[in-house]
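Taken from TrEMBL, the feature active site, proton acceptor covers Asp325. The phosphoenolpyruvate binding site annotation in TrEMBL covers Lys22, Gly95, Arg123, Gln174, Arg356, Arg404. What TrEMBL lists as 3-phosphoshikimate binding site is Lys22, Ser23, Arg27, Ser172, Gln174, Asp325, Lys352. The domain 'Enolpyruvate transferase' annotation in TrEMBL covers 10-438.
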Amino acid sequence: MRPRRFVPAGPLKGRIRVPGDKSISHRSIMLGALAVGETRVTGLLEGEDVLATAAAMRAMGAHVERTGEGAWTINGVGVGALLQPEAPLEMGNSGTSTRLLMGLVSSHPITASFTGDASLSKRPMGRVITPLSQMGASFEASDRANSSQTLPLIVRGASPAVPITYRLPVASAQVKSAILLAGLNTPGTTTVIEPVPTRDHSERMLRGFGADLTVETDAEGARVITIRGEAELRPQVIDVPGDPSSAAFFLVAALVTPGSDVVIENVGLNPTRAGIVEVLTAMGGRIEKLNEREVGGEPVADLHVRHSALKGIEVDPQVAPSMIDEFPALFVAAALAEGVTVTSGLDELRVKESDRLAVMAQALIAAGARIEEREDGLVITGTGGEPLRGTAGEDTIETHLDHRIAMSMAIAGIASREGVLIDDTRPIATSFPVFETMLDTLAQDSAQG
Ligand code: S3P
């Protein structure tokens with residue numbers, strides 16, 4: 001365990017560039033590993049989750065090599081030619097690696113065993129097992145004492161797999177992507193119906209790699225995505241934009257710390273991801289988009305953010321999928337806003353790296369915030385700009401192996417009087433290894449405890 005007390009900081013000032021988008025980084029490696037020829041990636045997120053994907057694709061035959069900081073080359077094996085991995089695929093903390101790779105394995109004539117850390121081993125896999133079983137894959141608990149809906153699991157791919165039409169029962173880009181990736185090596189057309197739109201990086205990137213993929217809207221407004229199988233993917237050159245989910249911590253930190261003025265460069269603002277910018281702006285946050293452009297087929301801008309008097313709002317549950325990973329950071333902003341913030345429709349937060357509703361409610365209450373935890377959201381009464389009390393003495397916030405809890409409570413710490421002591425900062429490396437260095441550089445006066 002690596003505990004740390006995050007203490008009140010002076011104004012945050014300067015320019016930062018957050019690491020590459022986690023979702024796009026995973027997909028760059030997976031699709032590169034299935035293309036024939038050399039894919040070159042720059043700006044790749046070198047966090048533990050993405051490294052788990054890289055190791056798994058290597059174990060299944062691709063050449064995945066780091067050539068410089070964030071610069072990687074991938075020589076793929078071609079769709080249909082993944083090799084049987086010799087050892088279990090170690091997924092660490094990464095739900096995205098696990099669910100998407102289960103999709104890939106499901107339509108290849110191979111068997112792979114998936115293992116994960118304590119957090120990942122509690123997360124529901126039934127949501128991918130159901131559709132992938134319909135496609136012909138089979139799933140078995142590798143540890144018989146264990147449920148067959150959680151890791152560790154053995155996946156046996158089907159050859160050939162059967163194309164399906166599947167309506168997503170939960171708004172999940174991971175489930176959608178698992179089915180589309182399985183569809184790549186399935187004869188015929190695989191269809192996913194998505195009643196509530198989720199991040200569309202898989203669709204954009206599969207098209208970019210040359211897959212025959214269509215997206216239409218049906219009479220009820222649901223997105224209907226089809227992919228034609230036995231695809232041939234062409235290698236690509238990809239520049240990964242900065243991760244809006246990582247930028248979110250610095251947006252909130254600058255908004256709640258008096259005197260702050262920060263520019264976050266190169267932030268991906270795909271509309272299926274940018275909900276946090278809208279919501280913070282609606283709360284009165286001063287966030288300006290500068291230099292709007294396209295990077296790697298995704299809309300990108302530099303975000304200029306200044307300390308602002310935030311006001312509580314009722315957050316429309318419709319925006320939840322476009323900021324699903326940003327709620328822990330938003331809860332911190334709400335705890336320091338004036339008035340009440342109401343969130344709802346967030347049941348999915350209970351099955352992330354931790355139960356983010358319960359864990360954030362407990363953590364913020366321990367730091368002096370006023371929170372009511374409901375079944376599907378939090379109701380937060382803010383301080384009106386006053387710092388939170390913080391945690392006293394040895395009182396420690398438990399982060400439950402959840403990187404976003406650790407980073408959110410770090411921000412709560414710099415916006416508190418006494419600071420906030422966190423049990424373990426190591427999970428931060430899953431998505432944002434340079435988070436602490438960036439925070440310390442921006443907060444000239446912050447001292448490590
Ligand atoms: C992701 C989808 C989301 C998100 C996760 C990354 C992806 O998960 O929380 O961090 O890359 O597809 P769900 O699909 O489970 O909502």
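Using N, Cα and C of the backbone, Cβ positions are placed for all residues, glycine too.
Using CA atoms as reference points, the recorded positions Ser23, Arg27, Ser172, Asp325, Lys352 were checked against Arg404 (phosphoenolpyruvate binding site), and the closest is Asp325. Taking CA atoms as the reference points, Lys352 (3-phosphoshikimate binding site) and Gly95 (phosphoenolpyruvate binding site) are 8 Å apart. Within 10 Å of the C-beta of Gln174 (phosphoenolpyruvate binding site) we count 23 further C-beta atoms, all protein chains included.
Secondary structure from DSSP puts Lys22 (phosphoenolpyruvate binding site) in a helix. Less than 8 angstroms from the CB of Arg27 (3-phosphoshikimate binding site) sit Leu100, Ser177, His201, Ser202, Met205, each of them six or more residues away in the same chain. A Cβ distance below 6 Å to any atom of ligand 1 is met, among the binding-site residues Arg27, Arg123, Gln174, by Gln174. For the binding-site residues Lys22, Arg356, the greatest number of Cβ atoms within 10 Å around a candidate Cβ is found at Arg356. Cα-Cα distance from Ser172 (3-phosphoshikimate binding site) to Gly95 (phosphoenolpyruvate binding site): 12 Å (rounded to the nearest whole number). Of all the binding-site residues listed (Arg123, Arg404), Arg123 has the fewest other CB atoms within 10 A of its CB. Those residues noted as binding 3-phosphoshikimate (Lys22, Ser23, Arg27, Ser172, Gln174, Asp325, Lys352) have their most widely separated CA atoms at a distance of 19 Å. Cα separation, Ser23 (3-phosphoshikimate binding site) to Gln174 (phosphoenolpyruvate binding site), rounded: 10 Å.
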